[in-house]
Amino acid sequence: MLKKSKVKEIQEKVYEALKKANIAITPEEKENIEVADFGLGDLENTGLQLLVYVNTDRYCAKELVLFPGQTCPEHRHPPVNGKPGKQETFRCRYGKVYLYVEGEKTENPHCRPPKGSEQYYTVWHEIELNPGEQYTIEPNTLHWFQAGEEGAIVSEFSSHSDDESDIFTDPRIKRIPEIED
């Protein structure tokens, strides 16, 4: 569980990272930065910071901010209410992000899963994204990603985002963060 004071501290850190990458946000957006530790209490290794610009029934746009070596755990976006699941395009804006998807296993991948969670990382086809590069993930595709040494900022453009419906390989994960005073 995250403390409100820790969330404020991380929001400030994300704001500074976005500024460094020349991505301007409003004070209101700064307050709306979501800090997700996935219920594991190890934000430094397993976590993600998100800023949603828009999320309608038809499309979604957000920034994903990862600190150096931080990992968003393996998950997929399944079909929901007759819709095929979220299709998303990741475009790297700053740093480097290693994306792992279904497909032929990459020999000698750059990343390792967080210690103690290795069994919950099953897809190993590596895609390296540098600033200006992008990759589209099809609906219901297992994927996970990890920031490089300087961290990463990734713009996500997708169909409707319904994070509550995401299915994570690790049964311990809680997608929606719990915040305490």
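Including glycine, each Cβ sits where the backbone N, Cα and C put it.
Its Cβ placed at the centre, HIS75 (Mn(2+) binding site) has 20 other Cβ atoms within 10 Å. HIS75 (Mn(2+) binding site) carries a strand DSSP state (E or B). What Swiss-Prot lists as Mn(2+) binding site is HIS75, HIS77, GLU88, HIS143, and the listing cites similarity to another entry.
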Candidate with the highest Cβ count within 10 Å, taken from the binding-site residues HIS77, HIS143: HIS77
With an 8 Å cut-off on Cβ-Cβ distance and a minimum sequence separation of at least 6, pull the same-chain contacts of GLU88 (Mn(2+) binding site), or say none. HIS77, THR136, ILE137, GLU156, PHE157, SER158, SER159
Give the sequence-ordered set of same-chain residues, not counting HIS75, HIS77, GLU88, HIS143, with Cβ within 8 Å of the centre of the Cβ atoms defining the Mn(2+) site. ARG76, LYS86, ILE137, THR141, LEU142, ASP166
